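Everything on this sheet refers to the single structure shown next.
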Amino acid sequence: MDTSFAHVTELAKTKYHRKSDRYINYGTAGFRTKAADLTHIMFRMGLLAVLRSKYKKATIGVMITASHNPVEDNGIKLVDPMGEMLAANWEHYASELANVTDSEVKTVLNKIIQEATIDMSEKSNIFLARDNRPSSVTLASAFLEGVSCFKSHFHDFGEMTTPMLHYVVRCENTQKRYGKPTEDGYYEKLGEAFLKLRGSKPSCPGLYKPRLILDAANGVGAEKVCLLKHHLNDALDIEVLNDGSDGILNHECGADFVKTRQKLPTGLPLKVGDRYVSFDGDADRIVYFYIDKNSKFHLLDGDKIACLVAKYLKDLLNTCELDLKLGNVLTAYSNGSAKEYISKTLGVDVACTPTGVKHLHHKATEYDIGIYFEANGHGTVIFSGHAEDVILNTAGNTELPIEKRVAAQKLCTLVDLINQAVGDSISDMLLIETILHSLGWDVEKWSNIYQDRPYSLCQVKVKDKSIFKTTFDEQRLIEPKELQDAIDELVAKYTEGRSFVRASGTEDIVRVYTEAKSLDEVKQLSFAVCEKVYDIGHGVGDRPVRSA
Ligand code: G16
């Protein structure tokens, strides 16, 4: 083992030398920054991934992506054995290893080995995938050189969506009980479940039409949806646009653009009556939208998706008369109307966590069936082992009335359609299409289940976003206190006003969320809060401007 450590130190000091001493944190979804600043981090994460694999005695996943960020950024995140995000204590190890000097790399590795009592003679295996950013190829090589220092096994899947990587890791570590750990295995599993749920029902029940237009953000999801289509037997007519053939990744398109700007992406021919869907660059977020007959844009974000899924699952559970605890996990960014719809109209439990899939996912495991969605379109459903057993037994119990068994069989198939490892644009899209088809709804009917309270999501660039410290629920600032006092004063002037400020964990910005009774009030309040953030929080660049 000494030989490989000598090689580690040599590479750390030469080819993968750390060029800047700027601190980089393992943030909301791993390391994310300009691609040019990531080479040494990739190499070091190759080393860490091997340690994690030896520690867990399992295959560890690694995704090279900066998801919704601009094309010049990149990033890396580690995926734990069941396809979940890396455990929090290892996020600290990752940050420590990423930020020490080149000559300290060996010391930190040794510290982790000792603290976690890792047996270095254990086997290790890494699954690697990347998105379609031009920088991802060289960054993947740097990562693999780290992996090779410890002579670990690995499989490089090449380009994949982030959720596919989570899926194959979970399949591998469940001895393939979750599915085949291949890209084809993924399409087959989802395609089969989708077609089973469609059954022999007509392709256009009620208001539903199988046509769908996809804005793929010029990301890796475009090609994957085209491959998936072969497994759907024409049950869905998906037109894939912003497919990367001439546009720039995430530039004026994709789920993040559509959600934060609340406007149409470029590159789509718009037609009243059509249903549109946007993925983000690595296809782990999804939002829907449409244009009404007055040319008004309507967004159906993660909140609306959560509500639709909660309604459908609740109805199925009621039909089966199953006593399973259904819950819905949201964040502070969820619209007040969504929370009200889920808790009051549906009577489903609502819980809130800080931003970040890892927090929502963890909370969702407390329910028998836990739905989680961030308003930005990240989310999925998790079934506990107990829930899966109960559903399976009900589906197979021939003494029960047929309608109960049919509903339970649907739930069984939904378990296969849903990527329980992580939020997945492709799997979520198939789930939403299944629900709309089953209800005979069009997108307008879905949109009208409740009306969003007027809101806005803005961003302010500041000198140092690390000075912004929030309470656990992210709704209030602990520091700068002066800023929170100013926000309180502003919010108090508006009936039904709500505004909070938090530093992004994936971009070098501070996010400002605002809700109020009318759109005009939202604009006023949001602008006033952004100005305070700029003034008290040391804004850089242009001052905030009031939106028209
Ligand atoms: C990542 C996380 C999400 C989070 C988003 C924005 O998404 O996985 O949970 O909501 O970042 O986080 P922040 O507000 O901290 O920038 P993605 O799609 O970029 O991987």
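Yeah, the Cβs are placed from backbone N, Cα and C, and that goes for glycine too.
In TrEMBL this protein carries:
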type     : residues                                                               : note
ACT_SITE : Ser67                                                                  : active site, phosphoserine intermediate
BINDING  : Ser67, Asp280, Asp282, Asp284                                          : Mg(2+) binding site
BINDING  : Glu374, Ala375, Asn376, Arg502, Ala503, Ser504, Gly505, Thr506, Arg511 : substrate binding site
DOMAIN   : 54-88                                                                  : domain 'Alpha-D-phosphohexomutase alpha/beta/alpha'
DOMAIN   : 121-171                                                                : domain 'Alpha-D-phosphohexomutase alpha/beta/alpha'
DOMAIN   : 182-287                                                                : domain 'Phosphoacetylglucosamine mutase AMG1'
DOMAIN   : 301-441                                                                : domain 'Phosphoacetylglucosamine mutase AMG1'
DOMAIN   : 480-526                                                                : domain 'Alpha-D-phosphohexomutase C-terminal'
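Per DSSP, the secondary structure of the domain 'Alpha-D-phosphohexomutase alpha/beta/alpha' (54-88) breaks down as 4 helix, 14 strand, 17 coil. A 10 Å radius around the C-alpha of Asp280 (Mg(2+) binding site) takes in these recorded positions out of Ser67, Glu374, Ala503, Gly505, Arg511, in sequence order: Ser67.
Taken in sequence order, the binding-site residues Asp282, Glu374, Ala503 that lie near ligand 1, meaning a CB under 6 Å from one of its atoms, are Glu374. Rounded to a whole number, the C-alpha distance linking Asp284 (Mg(2+) binding site) with Ser67 (active site, phosphoserine intermediate) is 8 angstrom. Within 10 Å (C-alpha to C-alpha) of the residue listed as 'active site, phosphoserine intermediate' lie the following binding-site residues from Asp282, Ala503, Gly505, Arg511: Asp282.
Panel annotation: around the domain 'Alpha-D-phosphohexomutase alpha/beta/alpha' (54-88), residues 26, 29-35, 38, 41-42, 45, 48, 94, 116, 118-120, 122-131, 133-136, 139-140, 143, 162, 165-170, 172-174, 217, 248-251, 254-256, 280-282, 284-285, 356-358, 361, 420-422, 506-507 of the same chain, lying at least six beyond its termini, place a Cβ under 8 Å from a Cβ of the stretch. When Cβ-Cβ distances under 8 Å to the domain 'Phosphoacetylglucosamine mutase AMG1' (182-287) are tallied for each of 121-171, 301-441, 480-526, the top count falls to 301-441. The number of other CB atoms found within 10 A of the CB of the residue listed as 'active site, phosphoserine intermediate', across every protein chain shown, is 29.
Gly505 (substrate binding site) is surrounded by 17 other CB atoms, counting those within 10 A of its CB over all protein chains shown.
Within the domain 'Alpha-D-phosphohexomutase C-terminal' (480-526), the DSSP-based counts of helix, strand and coil residues read 19 helix, 12 strand, 16 coil.
Between the CA atoms of Asn376 (substrate binding site) and Asp282 (Mg(2+) binding site) there is a gap of 14 Å, rounded to the nearest whole number. Surrounding the centroid of the Cβ atoms of Ser67, Asp280, Asp282, Asp284, where the record places Mg(2+), the chain contributes additional residues within 8 Å, namely Thr65, His68, Asp131, Thr161, Thr162, Gly219, Ala255, Phe279, Gly281, Ala283, Arg285, Ser425. Counting every protein chain shown, the Cβ of Asp282 (Mg(2+) binding site) has 33 other Cβ atoms within 10 Å.
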